[in-house]
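Got a structure for you, questions after.
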Amino acid sequence: MKPSATSSDLATGPQARAVWPLSEPALTYFPDVRFATSDRDLTAGAAPTPQSAAMVDDQPHVPVLLDRCVELLAPALTREGATLVDATLGAGGHSERFLTDFPGLRLIGLDRDPDALRIAGERLAPFADRITLVRTRYDGIADAVRDAAGGSVDAILFDLGVSSMQLDRVERGFSYSTDAPLDMRMDSGADLTAAQVLNSYDERALARVLREYGEEKFAGRIAAFIVRRRAVTPFTTTGELVELLYDAIPAPARRTGGHPAKRTFQALRIEVNAELESLRSAIPAALQALRPHGRLAVMAYQSLEDRIVKTAFAAATASRTPPGLPVELPGHGPEFVALTRGAERADAEEIERNPRSAPVRLRAVEKVGGE
């Protein structure tokens with residue numbers, strides 16, 4: 001039999017400041033880059049309390065599964081000059097921990113959001129001589145690794161979804177709990193906004209987005225309501241959309257399954273930012289960028305993301321021997337081994353301390369050595 005590879009055993013073992021805005025993609029070196037805390041989350045819109053952007057900058061965000069991420073990636077980072085890619089930098093909470101724990105580590109931090117790069121740059125200023133920050137979507141990882149590390153690295157971390165920093169900034173329009181412009185762009189310089197999707201997509205396209213990206217069973221009904229409403233007045237704010245969703249979704253369904261806007265907001269955000277398209281390209285590129293014994297860890301927060309990661313990891317850990325042969329051919333074994341048994345979740349203690357960790361699903365693999 002040719003098994004997929006799983007192993008729990010392997011789990012042990014000239015300075016210049018960038019001028020904003022950057023063009024995308026752009027590779028920029030930040031010589032002096034500090035802030036405070038961070039985290040990334042995909043609770044699709046429920047912001048705890050309204051607050052200004054300034055308040056958000058001062059409010060701590062707790063990195064999800066921080067200790068476990070360090071535990072999983074540490075064996076790949078022990079050599080002097082090892083390189084880690086934080087493919088979803090956010091405010092830099094995970095990166096700060098790795099840079100602190102591994103004094104010889106070099107970091108490449110990726111984010112499409114210029115605000116995130118600014119905040120992370122300030123936070124990581126004490127490590128300025130060891131970091132490279134790159135403004136790009138995470139599917140730009142291959143170019144970033146080629147330009148900053150010669151094409152291969154020792155470990156990569158993805159923390160998918162919208163970041164807490166983005167979610168808590170009311171003016172970004174990610175939250176359905178407060179009225180704000182219908183924006184939802186992770187990169188404020190991008191062209192497409194949620195308002196444009198709502199006001200320009202035809203009814204069939206809207207239903208597809210809601211069904212595929214929000215798994216919304218009332219997708220067709222909601223799309224019809226949107227088209228009728230925008231014929232009178234175009235959508236401009238999140239509050240207008242939430243009000244429509246209360247009208248479009250039948251009352252019995254509104255009483256179960258969470259906030260009635262949750263799935264629609266998730267779907268619009270994914271469409272605006274091409275999140276799943278980017279992820280489908282990013283995971284194979286990340287696997288390809290690892291050196292032998294390099295490790296990749298991915299945190300997903302909803303089933304659509306996790307399904308993509310699970311499928312890619314299953315293929316990577318499968319035998320390369322042609323089907324039908326009774327034994328594995330030499331040199332045709334799996335290219336990667338799994339470091340987690342399925343998807344790991346946050347424990348009750350972490351969820352109590354950081355409720356936004358509740359939906360996380362963590363998967364990790366290691367590249368087999370000797371190639």
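Each position is counted from 1, following the chain as shown.
Even glycines carry a Cβ here, placed using N, Cα and C.
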Determine which of Asp111, Asp129, Asp179, Asp191 appears in Swiss-Prot for the same S-adenosyl-L-methionine site as Gly92, Gly93, His94, Tyr138, Asp159, Gln166.
Asp111
I'd like to know which of these binding-site residues, Gly93, His94, Asp159, Gln166, is least surrounded, judged by other CB atoms within 10 A.
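Checked Gly93, His94, Asp159, Gln166; of these binding-site residues, fewest Cβ neighbours within 10 Å: Gln166.
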Just checking a number: largest C-alpha distance across Gly92, Gly93, His94, Asp111, Tyr138, Asp159, Gln166 for the S-adenosyl-L-methionine site, rounded to a whole Å.
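Among the residues the record ties to S-adenosyl-L-methionine, max Cα distance equals 17 Å.
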Given a separation of at least six residues and a C-beta threshold under 8 Å, show me what packs close to Asp111 (S-adenosyl-L-methionine binding site) in the same chain.
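Those within reach of Asp111 (S-adenosyl-L-methionine binding site), by Cβ under 8 Å and sequence separation of 6 or more, are Thr88, Leu89, Gly90, Leu117, Ala120, Leu133, Val134, Arg135, Thr136.
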